[in-house]
Amino acid sequence: MFKFVLLCTLAVASRADIGEEDGVLVLKKSNFEEALKAHPNILVEFYAPWCGHCKALVPEYAKAASMLKADGSEIRLAKVDATEEADLAQEYGVRGYPTIKFFKGGDKESPKEYSVFSVGSNKSRRNVATFFVSLPVARLNCCSLPAAGRQADDIVNWLKKRTGPAATTLGEVAQAESMIAENEVAVIGFFKDAESEGATAFLKAAEAVDDVPFGITSNEAVFSKFEVSKDGVVLFKKFDEGRNTFDGELSKTDLLAFIKANQLPLVIEFTEQTAPKIFGGEIKSHILMFVPKAADDFNDKMAEFKKASEGFKGKILFIFIDSEVDDNQRILEFFGLKKEECPAIRLITLEEEMTKYRPESEAITADNIIAFCTLFTEGKLKPHLMSQDIPEDWDKNPVRVLVGKNFEEVVFDPKKNVFVEFYAPWCGHCKQLDPIWTKLGEKYQDSADIVVAKMDSTANEIETVKVHSFPTLKFFPAGDEHKVVDYNGERTLEGFTKFLESGGKDGGAPAGEEGEEDEGIDVSTHLGLVCFKAQSFYLPF
């Protein structure tokens, strides 16, 4: 009896070591395994106390914990200070903050990364990343983007999908009404036979979508209430048409396409909260209207924009950006705009290569926007390439200054070997390289056939050269062939000199070949994470 009491006391003492803050367990390496044993299904946030987005997540994370407790769920939320528990963070591959992992069934070997969406191909991810570099989050120099997926409802929905049925069974009208009323978007499958092929396909689609709740019903009263007469799927939403009825073949692929095409408004505002859904969707062609929301004619402009959007649903995503918001100024810069020039329209594709387009007419009318989008879908638009004006002293300094307007004339001079740094003014590694690049320019300032140059790639774009990271170094050898060689050697004066003296052979590789990652901004993807090493901040894709 004494031994039994002693064991119970020790067990209680052991569990007492697991602290709790606002319903969230506080874990350390010393109590981590005990927590997994006590709570088989547990979501763990690895955070850094100084991380702004970790701080922003705190109330939503606590709210999610409270919601789960109110539902009587056994799922628990926990957190680990990764700066204090470095070994634990390293064990679970934590590379950015916050990183959130779900341990199911007490399995500590293969936790599932918490994420709510992904972005297409590697090049598509890279293009999205390049765009995100222009956003204000790039200046935060820390962590993840606090957006869709980081709200309490999103967290709870994601966990329920991982631990329970993909779709909630709706046995009565009140349940269906409650699901629709409580969510911005909800998808309900109406199937008289819950075991039918259509119902099975619906459930498979439900398993693949984390940010939208799904319900399924066979109840005649629910069918009648929502005026559904046969098996089918309806997406309910609190905007635009209010509901969309699926009318295709009941397959997982077609259902997912239907949901992705209808879960966003015809016109959506770009914010930190909506950015992941915008970039995570299947539609990679986006038309942007930059407009001050406080303007007297804002509603008129929105009406024209929305009217134009109706004919391009599923083809082009219509997005508006408040041009007066300070945090949006970097986005305007990315498109070569100033807020004094707004309202304005631009179109961008995030496919294999990121391309921008500008309408001939700046008048924002439905007819003009429709005509612009029609030319785009028909492949009749020419890309809009930004360029600064040519500086008067562009060739007066050791390092020549290139812009879009003089780029090809200089680099494709058949008598010159031109070595170019493509940089971003805010890039830390570009700044570190600058004194070395200046010395290189001085070394070859009087050379008859070698030119050292640089170009601000955030303000100048070249059709023949695509820049995906900063700094990017490319060599354009003399001749009429317009060859381009990527520099992959050491970023030292000695390395650059050896490269130039060898005619671009020692440290070079044909442009376009995949080589090792450079020391600059590394746009890479790991476990749904786009990580920019140079700036040490992370975007959740």
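Keep in mind that glycine also has a Cβ here, set from the backbone N, Cα and C atoms.
Annotations in TrEMBL come from automatic prediction, not curation.
Taken straight from TrEMBL:
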- 1-16: signal peptide (SIGNAL)
- 5-164: domain 'Thioredoxin' (DOMAIN)
- C51-C54: disulfide bond (DISULFID)
- 376-505: domain 'Thioredoxin' (DOMAIN)
- C427-C430: disulfide bond (DISULFID)
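Calculated from their C-alpha atoms, the gap between C51 (disulfide bond) and C427 (disulfide bond) amounts to 20 Å. Cα to Cα, C54 (disulfide bond) and C427 (disulfide bond) are separated by 24 Å. Within 10 Å of the C-beta of C430 (disulfide bond) there are 23 other C-beta atoms, taking all protein chains into account. Counting every protein chain shown, 22 other Cβ atoms lie within 10 Å of the Cβ of C427 (disulfide bond). Model confidence over the domain 'Thioredoxin' (376-505) is summarised by a mean pLDDT of 92.
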